[in-house]
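Shown next, in structure tokens, is the structure this report addresses.
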Amino acid sequence: MQSLQQSLKCEDEDEVGEENGVLFWVNKSGFPIDEKTWERMWNHVSKIHPGGMDMVYDIKSKLVLPEVASASAPMNLPASIPVCEKMEVIQKYMSQLQYNHTGTQFFEIRKNRPISGLMESARDMIKESLPIKCLEAVILGIYLTNGIPGTERFPISFKTSFMGNIHRHVVLGVYNGGRYGALGMSRRDDLMNKPLIYKSLSELIVDYEDSYTKYWHEIKKVKIGLPVSHDPHSYEHIEWRHLSLNVPKLSREEMCKELDRHAREMRVRVERQKTISSIYFSRSPRSKVPAGGVPISPTKVSTQPSIAGIKKNTSNKKKHSKSANEKSSPNKQNKDFTLQQNKDITL
């Protein structure tokens, strides 16, 4: 394993990712996958699979391979279905895609991309119907939960230690109706999704901590982001880390206190943005639904005036200024200038 990690690091670091302490390749060629990425994946699989190259040759030599049924994405779920059931349907779909064990992440996820770009990656995941890893599951979860009323989504990241190795994992926290839960993917069933039943954010995180303890992992850090916009066309960025907790230096009581404080701040932020959005919408009734037909999240609303409005106001000001200057006589203008000059000298 160590020699494999060294070989990964020494080739192209920009195309290498890490999850749960395991290095993997990242497909940056898009679809269809180019020959270089394809062969690199098979080479990597042969090194980590017990069957080695024999397994690779066996698959490649078959002229006919069994068809794999593609999962159907749960789009436009009826509003009558409770949110907790919608979460179960969405998680079931992601589980049908299966966890990616190939050593190559098929979809490149750059955290610094705007939401609109990340949603394009989510649409590719649905189209290609390939196995995914935890970071891809977060983006797909955001896409599939867009527009669900009263639901806020935020990233939750874990940094753990096991036998001296550092492991990283991320899930999508979900809040609705006073209850918390999560969506995600992992090699372990109890480290991926959590049902929408937890009364507080701290209760949810403690459950993850207990699950990690079963696998002899020690949580080093927990990072909580901010609610993500429901607008798939937004050019805003996901706030991946707004609260960062150094868990070993905190007691469980102190950790829970910090988590619940952050949860209250998120709720206050949401309520404040709802108030702003209601005022904005009341003034601009045509702006309630964007071009894509998806309601804008109450947590992310722009209060900036439109470009057309700015141009119109600027034009009116110029006309008003011009007419005022024409009415004033030259003598009066010279007099005003002299008075202003004397005033400046006095000051």
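Cβ coordinates come from backbone N, Cα and C, glycine included.
Residues annotated as active site in TrEMBL: C134, H169, S186. For 281-347, the entry in TrEMBL reads region 'Disordered'. Summarising the annotation, TrEMBL assigns compositional bias 'Polar residues' to 330-347.
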C-beta crowding around C134 (active site), within 10 angstroms:
23
Per 10 Å Cβ neighbour count, which of the active-site residues H169, S186 ranks highest?
H169
To the nearest whole angstrom, what is the C-alpha distance linking C134 (active site) and S186 (active site)?
6
